[in-house]
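Copied from Swiss-Prot, the annotated features are:
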DOMAIN    7-147  domain 'SprT-like'
BINDING   67, 71  Zn(2+) binding site
ACT_SITE  68  active site
């Protein structure tokens, strides 16, 4: 799906569910990571996450488009367009738009675990972040630390 197709799809969804035209731009933004889409208040454009289309297909994308169009049409009309506003929640129910999008399948990265051991007292430290062993010492005996293992 390219930029022209997504623009056409957003315009069709706007006319079908809201009976109002969408007069601005709809584009894919590859930098979006944790959200399905966003409505830009200043430009009135809608940005969508292409990975949601790849993972879940057009049906999920239409749901995200309906959600963003709720923000769009309420903001244009001067009504409450934020997630907590009553107007927004009512319009979501009316057009059967999702309040939240599905979680990304491969969203979570593998967590690395670093293990260090004191050379003096053999106390072991387990950390999620790597530490500078030249700068930091054991909190118990002030001995030097050595890395034991790094697991992911």
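Cβ atoms are placed via backbone N, Cα and C, with glycine included.
Fair warning: this is a prediction, and the values are worked out from it, not measured in the lab.
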Spatial neighbours of residue 67 (Zn(2+) binding site) that are distant in sequence (at least 6 apart) but have CB under 8 A: 36, 37, 92, 97, 98, 99, 101
Number of other Cβ atoms within 10 Å of the Cβ of residue 71 (Zn(2+) binding site) across all protein chains: 21
Within the domain 'SprT-like' (7-147), residues counted as helix, strand or coil by DSSP: 49 helix, 22 strand, 70 coil
For the domain 'SprT-like' (7-147), mean pLDDT (0 to 100): 93
Long-range Cβ environment of the residue listed as 'active site', under 8 Å and at least 6 residues apart: 37, 38, 39, 46, 48
